[in-house]
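Engineer: Take this structure, written in structure tokens, and hold onto it; I'll ask about it next.
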Amino acid sequence: MTQDYKLQVEAIKCGTVIDHIPAQIGFKLLSLFKLTATDQRITIGLNLPSKRSGRKDLIKIENTFLTEQQANQLAMYAPDATVNRIDNYEVVKKLTLSLPEHIDGVLTCPNSNCISHNEPVDSSFKVKAKQGEIHLKCKYCEKEFDHQVVLQAD
């Protein structure tokens, strides 16, 4: 295969590529979704050129595959991202993300009085889309927050 361009982030033989992440969000996704909890090699591209959005972030995780549920949780902060499954340097499956109905054990409730801060329970939020905005409702305190507020709470 001849190419007239050079990859800015090295190709992987087998694993997951999360592409079209909004610029400045890649590191947050790595920590929020515990994508670094692996011994496998992770390659990160930040502020890469993008025809679609000007700039983007990119994450490649070797020998690791995200489930569709895990991938859809990324849609909260990277709604236009794609998750590609790579095998032998080829894309064998491409997931287009959609918002999940709920997200569990990932985010922290911004309400400091919520029991999820003091009790041994995993956080749990119902995902609601209202007039183009994403809101999260905590299962425990039942307060509703703009998803950006929850992102900043972590």
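Each Cβ is built from the backbone N, Cα and C atoms, and glycine gets one as well.
This is the feature table in Swiss-Prot:
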BINDING   Cys109, Cys114, Cys138, Cys141  Zn(2+) binding site
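Would you situate these features in the structure and describe their surroundings?
Structural biologist: Taking the Cβ of Cys141 (Zn(2+) binding site) as centre and 10 Å as the limit, one finds 16 other Cβ atoms among all the protein chains shown. When secondary structure is read from DSSP and collapsed to three states, Cys141 (Zn(2+) binding site) falls in the coil class.
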